[in-house]
There are 2 protein chains.
Amino acid sequence: MSKVGLLSILEASEGEYVSGEEISRLLGVSRTAVWKQIRKLEAEGYVVEAVPRLGYKLTGKPARLSLQDLLPKLHTKRFGRQIRILDVVTSTQDEVRTMAEQGAPEGTLVIAEQQTSGRGRMGRNWVSPLGKGIWMSLLLRPPVPLPLTPQLTLLAAVALSRAIARIIPELSIGIKWPNDLLVGGRKISGILLESAAEDERLRYIVAGLGISVNLDEKDYPDELLPKAISLKMASGREVNRSDLIASVLEEFEGLYDLYLEQGFAPIRSLWEARSVTLGHVTQLNTPQGSVTGIPRGLDEMGGLRVELADGSWRTIYSAEIRDEAASS
Amino acid sequence: MSKVGLLSILEASEGEYVSGEEISRLLGVSRTAVWKQIRKLEAEGYVVEAVPRLGYKLTGKPARLSLQDLLPKLHTKRFGRQIRILDVVTSTQDEVRTMAEQGAPEGTLVIAEQQTSGRGRMGRNWVSPLGKGIWMSLLLRPPVPLPLTPQLTLLAAVALSRAIARIIPELSIGIKWPNDLLVGGRKISGILLESAAEDERLRYIVAGLGISVNLDEKDYPDELLPKAISLKMASGREVNRSDLIASVLEEFEGLYDLYLEQGFAPIRSLWEARSVTLGHVTQLNTPQGSVTGIPRGLDEMGGLRVELADGSWRTIYSAEIRDEAASS
């Protein structure tokens, strides 16, 4: 049974109720099949009223992003000036990576309404349902050597947190090293910078930026709910996605230009000011083993300076922080 | 006119001469077309004797790499234990990158007899004709953070120079920073490490290793000859490619295990001892501009420590060295 068939019946009845019996007759499927498809539509953001004896009525559709809506809000020079809005993709990262290999310019952006294989750190899945979040990937071609790439991971976290704060000033957002944004210890965004390099030379970075904007509790698997939250759940209000996309691109471009001009120092200060990782005993699982200590700040490369119990210091470039420690 | 048709005629005549007239009759093409195809075969490593009035005779075929020949020589634990030998590929890098994305294990190796789009640094072409060199790509999955990746670029150069020295001890090989191997100022190998990372975490490296083994002067474009040389041209003798491949994999695996166990310090010493870059006034073109000074050594990250004219120091992580400076 196709979604399109059901949608066209509901849309054709123009706000009137259509009985499940009639729908099942028109589409030649069982009433149970109709009910299952209605649930699927709801999961995608359609609002369907169901009244016993009367039937079903379509009362709301998922909001769609459009260039007509987004472009007038965009005040950037390069970021988002080459833009594609797609409906469903496996991952916006894969789309932009392909474009990068074909020579797409810096600032190229792909936004998707839905990702079927959204990726988080360490190959984890990333929940990205239709029309409820910002799932996008931005192409960067910074003229910096490969060892400095992690600085851009930190920059991205600062840019997103500032962009969200512009739209929802009352929200208190903390950065968990290196680039998770947390509200009350729960994750509201996912940032993943995939970089391609030749020897010590960075070819490009595809910055995957995911923000859980208008997701409701029911959009998350149960086991994720203690760890994840959307802007809507955290602030109690719907957020216009176009406004937020424009804000992200502006903040990102501004900080990026600052970085290319003045280096990492200003980014480092902004990151440290927003960090929820610094000052707390933290367990860091590095590829070489586990380290427990108190992160005190960043070094000039972007590594995390950690004070150990014996008073010695370690600089950590790559590690996972246990969730318990981060939300303390 | 197909190569296969001509080859089968020459092979069928079992060391006897076949006249150009007969070949042109059998294949239904002009004698000029026959002659052109003969030249193409020669360029691929076939040896064809041409005697006026008698015609053509096949007296030699290009040596082919085979697993039967290579595997008994291989004494590695992981490197080259998953191996594919291909005839013609666009680039062995592309082959291994695809395998890496599909989860291939560390040490996976692809060797090609010929590359049609062999890549060098900065997207330059790399001359890789049929059967005359070693064009191969090795998959690494080192548990090191992204900023340390350039150390593996330096390690690869040390491994290749030691592997070649084992086979041709009389050859004096210098390393031009970061990873060009030079004999008398002319390049004998090309190393290109393409890395894929997520945030500060290295996912994998595809190490492209090209060695100009048995190329002759005529295999190079004229403009490359002053800058490039093969092992055969440099040493005056043909080198068995399987011996050299086995030697490269053993040296690489040995140094790689040493690196994972003891860190960069021993690799750094080995690199510095073989460098032709240190101690000479050098112009380094970085993404941020040109720097002229005397490289004095590597720092613990793998950056090049350069002493400037005013006595100050700079650490360079990414730059091109002008050829003139390198061959001085």
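Note: Cβ is positioned from N, Cα and C throughout, glycine not excepted.
TrEMBL entries are annotated by machine, without manual review.
Feature annotation (TrEMBL): of A:20-39, A:60-79, A:80-99, A:100-119, the stretch labelled DNA-binding region is A:20-39. All protein chains considered, the CB of A:GLN115 (biotin binding site) has 28 other CB atoms within 10 Å. Cβ environment of A:LYS187 (biotin binding site): A:ASP180, A:LEU181, A:SER212, A:LYS227, A:ALA228, A:ILE229 lie under 8 Å away, each six or more residues apart in the same chain. When pLDDT is averaged over the domain 'BPL/LPL catalytic' (A:82-260), the result is 91. A:LYS187 (biotin binding site) carries a strand DSSP state (E or B).
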